[in-house]
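Colleague: Structure provided below as structure tokens; questions to follow.
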Amino acid sequence: MKYTLTRIDPDAPVERYPQEQSQTVDDPLAQDATRGIMMGRLEEVLQDTVNWGRKNSLWPYNFGISCCYVEMCTAFTSPHDVARFGAEVIRASPRQADFMVIAGTPFIKMAPVIQRLYEQLLEPKWVISMGACANSGGMYDIYSVVQGVDKFLPVDVYIPGCPPRPEAFLQALMLLQDSIGKERRPLSWVVGDQGIYRPDMPAEKDRKRGERIKVTNLRTPDEI
């Protein structure tokens, strides 16, 4: 599997955010295994254990911008039971949260606030873009709306829809868990320029393209 290595770029222009650079690399654990089977296997077990704890205890930041936030809140009700994924502990402060969901229309006036809240999240942190407005500006192709939060934030999972269903949020949460389970982060207590290795996950539209082509009878909304 290919990975994307992300490091801080001190030479990046001030206008660009975040200040980082990325490149495609191979699995770092596979490279370490060639140096020593014992240490390579031990590092793999440690990475899997840490990732297991992180992905099964994702605390979301209680933050919403527009109508998609209503659908996100619906996922926390008893019919959907988001507690199954360890994400029922909603935090009122970004310093206590693991990830934030941009649910709604990112206006230009709101962009600095969103960016500041993202910076207050402690590492490791992740971002889910929920809804057409957060993904690409939606139908608001106007001067006051940012055409996608990925213009100023690194996004891990995109949720399409206007607005998305609560089930779509749960699926995005599971996709984020799968991605976290394959991440390679430094385990040292020394902060340095080790970088973060994120797996290159395939897009769901590409993965399900063959299944959609085979469809001859459309399902009703109750069957989806």
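Cβ atoms are placed via backbone N, Cα and C, with glycine included.
Taken from Swiss-Prot, the feature [4Fe-4S] cluster binding site covers C67, C68, C133, C162. Feature annotation from Swiss-Prot assigns region 'Disordered' to 200-224. The compositional bias 'Basic and acidic residues' feature in Swiss-Prot is assigned to 201-224.
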Colleague: Let me know how many other Cβ atoms fall within 10 Å of the Cβ of C162 ([4Fe-4S] cluster binding site).
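Modeller: Within a 10 Å radius of the Cβ of C162 ([4Fe-4S] cluster binding site) lie 12 other Cβ atoms.
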Colleague: Using a Cβ cut-off under 8 Å, which residues of the same chain at least 6 positions beyond either end of the compositional bias 'Basic and acidic residues' (201-224) come close to it?
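Modeller: For the compositional bias 'Basic and acidic residues' (201-224), the nonlocal Cβ contacts are 175, 178-179.
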Colleague: Check C162 ([4Fe-4S] cluster binding site) against DSSP and tell me helix, strand or coil, would you?
Modeller: coil
Colleague: Name them in sequence order: residues not among C67, C68, C133, C162 whose Cβ is within 8 Å of the mean position of the Cβ atoms defining the [4Fe-4S] cluster site.
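Modeller: My list of surrounding residues reads S66, A103, G104, T105, M130, G131, A132, A134, G138, G161, P163, P164.
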Colleague: Counting across all protein chains shown, how many other Cβ atoms sit within 10 Å of the Cβ of C67 ([4Fe-4S] cluster binding site)?
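Modeller: Counting Cβ neighbours of C67 ([4Fe-4S] cluster binding site) within 10 Å gives 14.
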Colleague: Could you say whether, by DSSP, C67 ([4Fe-4S] cluster binding site) belongs to a helix, a strand or a coil region?
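Modeller: Where C67 ([4Fe-4S] cluster binding site) sits, the three-state DSSP reduction gives coil.
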Colleague: Which number gives the other C-beta atoms within 10 angstroms of the C-beta of C133 ([4Fe-4S] cluster binding site), all protein chains shown included?
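Modeller: Neighbour count, Cβ to Cβ under the 10 Å cut-off: 28.
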Colleague: Tell me the coarse DSSP state (helix, strand, coil) of C133 ([4Fe-4S] cluster binding site).
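Modeller: DSSP call for C133 ([4Fe-4S] cluster binding site): helix.
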Colleague: Tell me the Cβ contacts of C68 ([4Fe-4S] cluster binding site) under 8 Å, same chain only and six or more apart in sequence, or just say none.
Modeller: A103, G104, M130, G131, C133, A134, P163, P164
Colleague: How does the region 'Disordered' (200-224) divide up by DSSP, counting helix, then strand, then coil residues?
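Modeller: Tallied per class, the region 'Disordered' (200-224) gives 9 helix, 0 strand, 16 coil.
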